[in-house]
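Colleague: Starting off with a structure, shown below.
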Amino acid sequence: MNNSEIININGPLKGEIEVPGDKSMTHRAIMLASLAKGISTIYEPLMGEDCRRTMDIFKLLGVTIEEQDNSIIINSPGYQNFITPHQVLYTGNSGTTTRLLAGLLSGLGIESVLSGDVSIGKRPMDRVMKPLLKMNANISGIDNNYTPLIIKPSTIKGINYQMEVASAQVKSAILLASLFSKEATTLTEFDVSRNHTETLFAHFNIPISIQGKTIQTIPYAIEHIQPRDFHVPGDISSAAFFIVAALITPGSDITIHNVGINPTRSGIIDIVKQMGGNIELSNVSKGAEPTASIHVKYTPNLNAVTIKGDLVPRAIDELPVIALLCTQASNSCIIKNAEELKVKETNRIDTTADMLNLLGFNLQPTHDGLIIHPSEFRSNATVDSQTDHRIGMMLAVASLLSSEPLKIEQFDAVNVSFPGFLPKLKLLENEGK
């Protein structure tokens, strides 16, 4: 990732769009469809770089995956007939692929090596390895914390585990490993994190019990899996950039259709409402993965908010662009209890503050979040995504607050989750003219 992009987009933004399929759900649907013997079709998946890494790995395990227009067809021999890979399983920049497959491959007992790019090599894996080792997984890494992760066959045991952090990736790694255990596994969450693994278990016929923050799988749950088709909703994390762009750009009025509004992911909607933002939902569908159309208009004089507690995991990936939104509030805003931001593609607490402060905004990083003061875009210094897709898109949205072009280094990082992000933003600009 080394290309730069000069962003020169001015408002207002107007029109109707859809965003790519949800990244979290696409990963999980690929994994579960690949485990189930037979044919599953995934409609409207995200075909970004991260999800392609997940597909590539299952191809190496013997799964046939065919891409068609807006869908992928997965023809699996079933988990019982996976082949042992004879090369390193490359996860690229995808923490989801790395951490979830650490659990799944441990459960499968397939000898394998997981390794990613330089960024993945710096991200902690002990949070996944510790519970997996308690489950009798044979998994090791550099300093028992970093990739490459070496996985060898073992017999997975069920555990009763209390989560220490609100992390959907850690939870999912445990649940995926537990599918192959002869004992039940009980997991209690610290705070409820995104529940796509649980909803997709049920969708693919895997028994799972959920009572509040406690989740339980049954012995040998994998034996119940069945192939299923799945329609992936639009990613609310991708929609977030357009929500904020419309809120901060005078005259803007946009609608984003078919966005997933799973309650464990819809924190940004609640935050915008607390700030007094002009946001409305329509065409709301019901079900395990509900969707809606989101209508957003420019809103001046936003209220100050404190974002903390169980709201944080419901908006964890949106917090960088929410921090930008908070610079336009009438008083200082606080984000706290967000330590998880430190172990994303970058330390997003520091990266968000550093990049926005370069542009003249006023953000103070803290040990677990940010203090964001009302401030304006005052400098067109060159900024850098730091190879973090969400930082790159957040900076592009920030450029709407300036009448001058903004140069963003390593902007191609956005392709990890949103190929075509910039053309879609320009489309709304053109509609607004």
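Each Cβ is built from the backbone N, Cα and C atoms, and glycine gets one as well.
Grabbed the feature section from Swiss-Prot, which reads as follows:
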ACT_SITE  Asp317  active site, proton acceptor
BINDING   Lys23, Gly95, Arg123, Gln169, Arg348, Arg390  phosphoenolpyruvate binding site
BINDING   Lys23, Ser24, Arg28, Ser167, Gln169, Asp317, Lys344  3-phosphoshikimate binding site
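Help me picture where these features are in the structure shown.
Modeller: In three-state terms derived from DSSP, Asp317 (active site, proton acceptor) belongs to a helical segment.
Under the DSSP three-state reduction, Lys23 (phosphoenolpyruvate binding site) is assigned to helix.
Around Ser167 (3-phosphoshikimate binding site), the same-chain residues at least 6 positions away in sequence with a Cβ under 8 Å from its Cβ are Arg127, Ser193, Glu340.
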Colleague: Near Lys23 (phosphoenolpyruvate binding site), which residues of its own chain have a C-beta under 8 A away, given they sit six or more steps off in sequence?
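Modeller: In sequence order, Leu46, Gly48, Asp50, Cys51, Thr96, Asp235, Ser237, Ser238, Ser417 meet the Cβ cut-off.
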Colleague: Check the Cα-Cα distances from Arg123 (phosphoenolpyruvate binding site) to the recorded positions Ser24, Arg28, Asp317, Lys344 and tell me which is shortest.
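Modeller: Nearest candidate: Lys344.
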Colleague: Work out how many Å separate Arg28 (3-phosphoshikimate binding site) and Gln169 (phosphoenolpyruvate binding site) at their Cα atoms, rounded off.
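Modeller: Here the two Cα atoms lie 11 Å apart.
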Colleague: Applying a 10 Å Cβ distance cut-off over all chains shown, what neighbour count does Arg390 (phosphoenolpyruvate binding site) have?
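Modeller: Its Cβ shell of radius 10 Å holds 28 other Cβ atoms.
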